[in-house]
Amino acid sequence: MSSSSDAYRFDIIIDKYIIYINNIIFAAGLIGNIFNILVFTKLKVFRGNRCAFYLIIESIVSTILLFIYFIFHIFKKIYGAEPDDISLIVCKLKITFIQSCRLLISSVICFKALDQFFSTNYRVYLRRIPTFKRARYSVIIVTILWVLQTIPYIFFSNIVPSLGCIVTNQALFRYYSYFYYILLNGLFPILISSLFSLFAYRNVRHLIRRQVPIQRRRLDHQMTAMIFVRVLVFVILTLPFTIFQIYKLNININLITDLHYDINQVVATIVTSLLIYNYSLTFYIFLVTSSRFRRQVKYLLLKKCWLPIKCYCCKSNRNAIHPMVTISDASGIELVS
């Protein structure tokens, strides 16, 4: 088999994979994130809960990211190129905005693990550290920090023919390759979130020994288990991308063949899509792993959504003019408006 036919086959695989997977990710992610926002804002049990606040922030930012990815995907299918490969302004804004959102989501996942570790700890002074006010300030501070971190990309990202929208400054490129991808958006959040979620999971198993109200204990058990599984999935989906970035930095470019390049493109597409799964699977992870969350979603759908609609429809029917039933002389039934 010739190398050109191999390359053509790999291009077909990538195109088909992107078409189907992107559509599935967007549809599932949009529905799931909306449900997450509704569950954690409408149900009283989650009001004032810091982890619920973090989950709402994560769902909102994930929805925005999915919309960006989907719009760029549709634009490319229609015009044959992504907007950031055509417009320099879009190129600069895309890198800045997507990086900030990715880092914010990673930070929020770490905050959730840290919050559960502190709130379930047997030491009183550690349980008093996390507050709702500090949770809000933490989100605001990291948002500002990650936006400031991306400012250099506005000045040093450009459109290069045949390469598209890339960073042209070598120092910034090295920072982007070594620090951002591998550490800042890779190993750091993976280690922090996994470590503290394990500690929180260990703490929550000993809650029964403390004088904790049963309702609070159940909520702590639920949130800790949900956050633990969320962090586990985050690590599983982020680690392949981080490993691939480390692999790319150690490749000898002079030894790469066309077939090797095409295989790398397929792998890059797969690990990137796995990374994007982080923005669409949270709701379904909770739905599968938590029976209490399933009951809460069912309650939301029946009591908070379906019942108001049903009451509205019944009220409309009562206000409408209904036909009257009268008995005619011919012992038949007439419908009189």
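First residue shown is number 1, and so on along the chain.
Each Cβ is built from the backbone N, Cα and C atoms, and glycine gets one as well.
Listed in TrEMBL:
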type: DOMAIN; residues: 32-286; note: domain 'G-protein coupled receptors family 1 profile'
type: TRANSMEM; residues: 20-40; note: transmembrane segment
type: TRANSMEM; residues: 52-75; note: transmembrane segment
type: TRANSMEM; residues: 95-114; note: transmembrane segment
type: TRANSMEM; residues: 135-155; note: transmembrane segment
type: TRANSMEM; residues: 175-201; note: transmembrane segment
type: TRANSMEM; residues: 227-247; note: transmembrane segment
type: TRANSMEM; residues: 267-288; note: transmembrane segment
Same-chain residues at least 6 beyond the ends of the transmembrane segment (20-40) whose Cβ lies under 8 Å from its Cβ atoms:
46, 49, 52-53, 55-56, 58-60, 62-63, 66, 69-70, 73, 273, 276-277, 279-284, 286, 293, 296-297, 300, 304
Beyond the flanks of the transmembrane segment (267-288) by 6 or more, those residues with Cβ under 8 Å of it:
14, 17-18, 21-22, 25-26, 28-33, 35-36, 55, 58-59, 62-63, 65-66, 69, 105, 226, 229-230, 233-234, 237-238, 240-241, 244, 294, 297
Average model confidence [pLDDT] within the domain 'G-protein coupled receptors family 1 profile' (32-286):
88
Do any residues of this chain, six or more beyond the ends of the transmembrane segment (227-247), have a C-beta under 8 angstroms from a C-beta of it, and if so which?
51, 109, 112-113, 116, 177, 181-182, 185-187, 189-190, 193-194, 197-198, 200-201, 267-268, 270-272, 274-275, 277-278, 281-282, 285-286, 289
Cβ pairs under 8 Å between the transmembrane segment (175-201) and the transmembrane segment (95-114), at least three:
yes
